[in-house]
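Take a look at the structure below.
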Amino acid sequence: MSTTVNDDRARAQAPASHAAASINSADRSFADYQTRHLLPIVRGITRAGCVAYAAAILIGLAADVIEISLLWRVIVVALAIGASAAALERERAQQGWVAYAFMFLCVYEIGIGVFASANTLGVAWVIPAFAMMPVVTSTAWMSYRHFAAATVITVTAPFVTFALLHASKIDLYELLTYVFTATITSAVIHVYFSRLQHAHYQLERKLLEQAHTDDLTGIFVRQRFHELADLAVRRAQHRGEAVSALFIDVDRFKSINDAFGHLVGDAALVLVATALQDRLRPIDVFGRLGGDEFAVVLPNCRAHTAMQVAQRLRAAVAGLDSPAGQLTISVGVAEMRDSAFGLIGLLDDADVALLAAKAAGRNRVEFFQAPE
């Protein structure tokens, strides 16, 4: 009895648009979407940065502008840059790779400063490197907050370096010009890239929703229903939980189309789908298999409760006010027979029960009885 009460409460609290809510919960969040698209960019930037730093060392040695006595500093920083890049390569979690990206940025800024202290041409030689950092990394940050923090690092690091190395006023003015221009440029790039990314995300979600939902009733199409229902069945099998299924058919739907036309028939399908959807739990998987056939998979639901659910759905449809007159449905109910039974077998059992309900006069609920 308590199970039935809890089910009723869950159905009463279910959102008006079950299909939309299910899709929202199934889709990745915007942060996950960003991780999927930004992580390859960030890794590409770190790889390019490692190659660029190694090339700068080789060029500096070839041009004889690096003091050999200070070469160890440059090499130590190069190893630190490589280590942070390697750590980022292995990390996939959102918070982890963002932290490693900031670590790489900090180490790289320090590396540029160390390079400035170890060469014989003075600090002016590294100004372009400092100026490139905010521009190169502008597309790598997930949020404006991350971008702002990175900007503080890329603006502060060069001026701290120049102050420690006692740079001349001319060098400071040159650095200020470069860094100011680069920071403004990076801000413009980041804002427009973020807007483009969000627009692309919204478009992708819309396309997924259109692909996953029936454009008439707003519930899952056959393919998406089978995907999610199969997941629900496998999850129930893994947890050792019961799972049941309903196979639903609108009685004499062809006669409705023939007598009233397809527009009225479509309106009747929408009424039926809405009435059914509003009385299902958020965890139930509900889809239109085609025409006037619907199916529901009820996770964590025994046969007795599934029969009660089916009776409530039948009564709800019978009470609808439709331009086609009274609408009725026939429902076949089945429970997963054993752990080796899959979704297809479960739906086949429910379909057999549906045929029995239609043969017994329609507007009925029948439970599948396994042969002895």
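The backbone N, Cα and C atoms fix where each Cβ goes, and this holds for glycine too.
Computed from a predicted structure; not experimentally measured.
Under the heading transmembrane segment, TrEMBL lists 44-63 (among others).
The transmembrane segment annotation in TrEMBL covers 69-88 (among others).
Distant neighbours of the transmembrane segment (100-127): 42, 46, 49, 53, 56, 60, 65-67, 70-71, 73-74, 77-78, 80-81, 84-85, 87-88, 91, 133, 137, 140-141, 149-150, 153-154, 157-158, 160-162, 164-165, 167, 171, 174-175, 178; these residues of the same chain sit at least 6 beyond its ends, with a Cβ under 8 Å from one of its Cβ atoms. Here TrEMBL flags 100-127 (among others) as transmembrane segment.
The transmembrane segment annotation in TrEMBL covers 147-165 (among others).
Here the transmembrane segment (172-193) has long-range neighbours at 123-124, 127-128, 130-135, 137-139, 141, 144, 147, 151, 154-155, 158-159, 162, meaning same-chain residues at least 6 beyond its ends whose C-beta is under 8 angstroms from one of its own. According to TrEMBL, the transmembrane segment annotation covers 172-193 (among others).
What TrEMBL lists as domain 'GGDEF' is 241-370.
Away from its own ends, the transmembrane segment (147-165) comes close to residues 102, 105-106, 109-110, 112-113, 116-117, 123, 126-127, 130, 133-134, 137-138, 140-141, 171-172, 175, 179, 182-183, 186-187, 190 of its chain (Cβ-Cβ under 8 Å, at least six residues beyond either end). The domain 'GGDEF' (241-370) scores a mean pLDDT of 93 in the predicted structure.
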